[in-house]
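Here the structure is laid out as structure tokens; the discussion comes afterwards.
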Amino acid sequence: QLLKEDKDKPSPSFWTFEYYQQFFDIETHQVLGRILGSFVPRPKSNYIPDKIRPNPDLYGPFWVCTTLVFTTAIAGNLANYLGSGGKEYHWKYDFHKVTLAATAIFSYWWVIPTLLFGFLWWRGSKAGYTYLEILCVYGYSLAIYIPISILWVIQFSWFQWILVILGALLSGGVLMITFWPAVKDEDKKIAWAVIVAIFLFHVLLAAGFKVKIIAWNYILKKMK
């Protein structure tokens, strides 16, 4: 009787809280597993069927992006402070970095997956990736940049660039392995163009923040 009632229960409406609640119904160990899997490339496995299905979520990606916004902004301000050396410069917190980081990160999280899903839908991909699954993958793919952004406070440019490259190779590698099955049936030039574009956009996000920090440090030196 209970099973029958549950089966006959109508699905929640798009405009109700219950509809969105299902996207945040996930256990802590699942989130941790998805975070770890987002930057450990495994050529013989695929991130979506192995980690995301059958329960893609928005809880983990949302908090990954939110945490990255603040760690990036804080690291940028700390880098400016350390770069000033505390001499002849009145340092003050620049809250605009939070706005800039939030705009860039959340735009990346939504715009790139939307474009990718639209392309796969237009080309009739047989991989069967849903929009929610792609959003989930991209949200978790940013997790590796959280510790990297914190380590950016270390004032060695070569070390910071190594972190950017390492993070891009690891999480970008997971993205390329994940979406290769969705484009492998395309013409080889188109397939590789999509995969390279996925990787380049991932690199540009981290490199953009790194360049921003360099630009601020340069301005500070000119102000002294």
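Backbone N, Cα and C define each Cβ position, glycine as well.
Because TrEMBL annotations are produced automatically, they should be read as predictions rather than curated entries.
The domain 'Yip1' annotation in TrEMBL covers 50-207. Confidence in the domain 'Yip1' (50-207), given as mean pLDDT, stands at 85.
Taken from TrEMBL, the feature transmembrane segment applies to 58-79 (among others).
Per TrEMBL, the feature transmembrane segment maps to 99-122 (among others).
Through the fold, the transmembrane segment (134-154) approaches residues 34-35, 37-39, 47-48, 52, 56-58, 60-62, 64-65, 67-68, 71-72, 75-76, 78-79, 82, 105, 108-110, 112-113, 116-117, 160, 163-164, 166-167, 170-172, 174-175, 178, 202, 205-206, 209-210, 213 of its own chain, all at least 6 residues removed from its boundaries and within a Cβ separation under 8 Å. Residues or ranges marked as transmembrane segment in TrEMBL: 134-154 (among others).
Annotated transmembrane segment per TrEMBL: 160-183 (among others), in sequence order.
As annotated by TrEMBL, transmembrane segment applies to 190-219 (among others).
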